[in-house]
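Novice: As annotated in Swiss-Prot:
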| type | residues | note |
| --- | --- | --- |
| ACT_SITE | 173 | active site, proton acceptor |
| BINDING | 60, 62, 92, 108, 133 | S-adenosyl-L-methionine binding site |
| REGION | 195-220 | region 'Disordered' |
């Protein structure tokens with residue numbers, strides 16, 4: 001009974017969420033697009049000509065937003081064909097519906113086959129920006145969840161170290177709580193500038209936050 005009440009409350013909040021309504025109106029697949037939008041507007045992350053990699057991209061709202069920023073011309077409809085000034089590669093182990101001008105690679109980005117496909121798309125270019133909205137399936141056990149969250153951040157950090165330009169940036173999702181300070185410390189070891197970000201589009205009750213690292217300390 002309590003679970004049903006929880007589901008009803010969640011559904012009510014979701015339906016009445018202004019970001020959900022905005023996403024539906026503007027053609028985004030998820031409200032998460034507005035988290036990236038707010039951070040991008042604050043930090044000027046996405047610029048014409050960039051190479052951007054979106055880790056854990058499904059369902060694709062972050063790639064949609066990045067695509068819109070790189071779209072040529074004044075009109076930036078979410079699914080408008082017409083090319084972009086830059087390259088976007090989206091990766092996920094789950095399938096994703098196609099997005100115009102976005103290269104999607106399905107598979108684990110730690111595997112050689114997927115990395116080979118990525119290298120073919122990049123054509124020898126380093127990456128300007130890595131974005132990751134990845135989140136584990138949470139169990140409710142704090143220690144286990146902290147380890148899973150930290151693991152995903154570690155994967156993103158390793159990927160960034162191997163593919164970013166020296167002045168590139170990495171934006172990842174994490175959660176306040178056990179293990180958060182360790183994640184921040186790892187970012188500080190790898191990047192010259194590290195800053196937390198809590199966009200308004202993040203739900204008030206959520207411990208979700210984002211960490212932005214810029215300028216590698218030890219480029220490849």
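Keep in mind that glycine also has a Cβ here, set from the backbone N, Cα and C atoms.
Just tell me what is around each of these and how deep it sits.
Specialist: For the recorded site, residue 173 (active site, proton acceptor), the DSSP three-state label reads strand. Listed in sequence order, 132, 133, 134, 135, 208, 209, 210 are the same-chain residues six or more apart from residue 173 (active site, proton acceptor) with CB atoms under 8 A from its CB.
Within 10 Å of the C-beta of residue 92 (S-adenosyl-L-methionine binding site) we count 21 further C-beta atoms, all protein chains included.
Broken down by DSSP into helix, strand and coil, the region 'Disordered' (195-220) contains 0 helix, 12 strand, 14 coil.
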Novice: In terms of DSSP three-state secondary structure, what is the assignment for residue 62 (S-adenosyl-L-methionine binding site)?
Specialist: helix
Novice: Taking the Cβ of residue 108 (S-adenosyl-L-methionine binding site) as the centre, how many other Cβ atoms fall within a 10 Å radius?
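Specialist: Its Cβ has 12 other Cβ atoms within 10 Å.
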Novice: How far apart, in angstrom, are the most distant Cα atoms among the S-adenosyl-L-methionine-binding residues 60, 62, 92, 108, 133?
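Specialist: Result: 18 Å between the two most distant Cα atoms.
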